[in-house]
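Enquirer: What follows is a structure written as structure tokens; I'll ask about it next.
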Amino acid sequence: MSRRAMVIKMPILMILISSMVMTMVESSRSVNNGHDDSEILRRHLLTNGLGVTPPMGWNSWNHFSCNIDEKMIKETADALVTTGLSKLGYNYVNIDDCWAEISRDSKGSLVPKKSTFPSGIKAVADYVHSKGLKLGIYSDAGYFTCSKTMPGSLGYEEHDAKTFAEWGIDYLKYDNCNSDGSKPTVRYPVMTRALMKSGRPIFHSLCEWGDMHPALWGSPVGNSWRTTNDIKDTWLSMISIADMNEVYAEHARPGGWNDPDMLEVGNGGMTKDEYIVHFSIWAISKAPLLLGCDIRNMTKETMEIVANKEVIAINQDPHGVQAKKVRMEGDLEVWAGPLSGYRVALLLLNRGPSRTSITALWEDIEIPANSIVEARDLWEHQTLKQKFVGNLTATVDSHACKLYVLKPVA
């Protein structure tokens, strides 16, 4: 494809996507007019003091599914500390589905499962907090959660929010299964208001799967919003989710982030290079970096990927701008996004079957044409000796990437 054809094609695609979803957004606005919109809007950006940068931590679902208990959660908290991951910013320990009994108690409260959480969630929260970490919990904007093994919070939003606050919960992943048929744009703000009244700042993660494009309405409602369906530990799943999430790049900002789902790094379904691509794209996309492997038993290879301080720094950059695709030529892609300090994050991605060279042009990544640029390779941990003018070209292996920070020096 010629560069002109490519440049024209991308805006047209964005226009088509935008026009497709605008009717849905207007509908959601009209639905919400019956609520106190000013109360919801107070949550916009930083009003709960959370999500200034994308959250980092761990979630139980990808590796353990429903096979969780308080011993494993405590051991995971221990591992975050002993591995040094907590010092890098991985501070959330998030319990996913299946933690509660199927029935509420006589007061209408959720009951931690006696067989797996005999000490209760508050005791687990106290332990996690004693390690300098934060505890996350899971619920659902329906009558039951997705596993159907425990109740959802539909109709109990205020009661459950107060319970979570009393337990010391710091993060709520709020799923979208088994509802009453009403739209997420109706059900999710109810929990938002309940959390605001709970007396405790709780990060609100909207797990709506992207069905009604929550990137377009999520910022007054939550601190992050899923833009896609669930990830699987395969190259095809990961890369297709990255594509879908990128469409909504302009909606990410401090206080509210696009969420392409938890990380699969370390679960064994991809190669090392593919996991590096996975972690790199999530980092430049300002996605939540929630580990989904068993961090108690991480390999050295996995640790080297998820503990890359330079890549994490891109994700946590205070500028808070999600990177976008700026050039696509067949299986070759150039992603770029601005960073603080007049720097640029640059990803060269080879989705194809063979090793090849990829070129990034300054005009595509909004660097002045005659600028002399220094390039830092974040996976090789070295600043390239060569200075670059006008473009940068690198040879990239199949299903692999190069990740740089570019800094104009003249």
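In case you wondered, yes, glycine gets a Cβ from its N, Cα and C as well.
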Enquirer: For the substrate site that Swiss-Prot assigns to Asp96, Asp97, Glu208, Trp209, Gly210, Asp211, Met212, Arg226, Asp230, which of the candidates Lys122, Lys131, Lys173 is also assigned?
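Expert: Only hit among Lys122, Lys131, Lys173 in Swiss-Prot's substrate site, alongside Asp96, Asp97, Glu208, Trp209, Gly210, Asp211, Met212, Arg226, Asp230: Lys173.
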Enquirer: In Swiss-Prot, Cys98 is disulphide-linked to which residue out of Cys66, Cys146?
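Expert: Checking Swiss-Prot: disulfide partner of Cys98 resolves to Cys66.
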Enquirer: Looking only at Cys177, Cys207, which is named in Swiss-Prot as the disulfide mate of Cys146?
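Expert: If we follow Swiss-Prot, the cysteine bonded to Cys146 turns out to be Cys177.
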Enquirer: List which of the recorded positions Trp209, Asp211, Asn391 have their Cα within 10 Å of the Cα of Asp175 (active site, nucleophile), in sequence order.
Expert: Trp209
Enquirer: List only the single closest residue to Asp96 (substrate binding site), chosen from the recorded positions Asp230, Asn297, Asn391 by CA-CA distance.
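Expert: Considering only the listed recorded positions, the nearest one is Asp230.
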Enquirer: Max Cα-Cα distance in Å among Asp96, Asp97, Lys173, Glu208, Trp209, Gly210, Asp211, Met212, Arg226, Asp230, the residues listed as binding substrate?
Expert: 23
Enquirer: Check the Cα-Cα distances from Lys173 (substrate binding site) to the recorded positions Asp230, Asn297, Asn391 and tell me which is shortest.
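Expert: The answer is Asp230.
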Enquirer: Give the number of CB atoms, excluding that of Asn391 (N-linked glycosylation site) itself, located within 10 Å of its CB.
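Expert: The answer is 15 other Cβ atoms.
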Enquirer: What does the structure give for the C-alpha distance between Asp211 (substrate binding site) and Asn297 (N-linked glycosylation site)? Integer Å is fine.
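Expert: A Cα-Cα distance of 35 Å.
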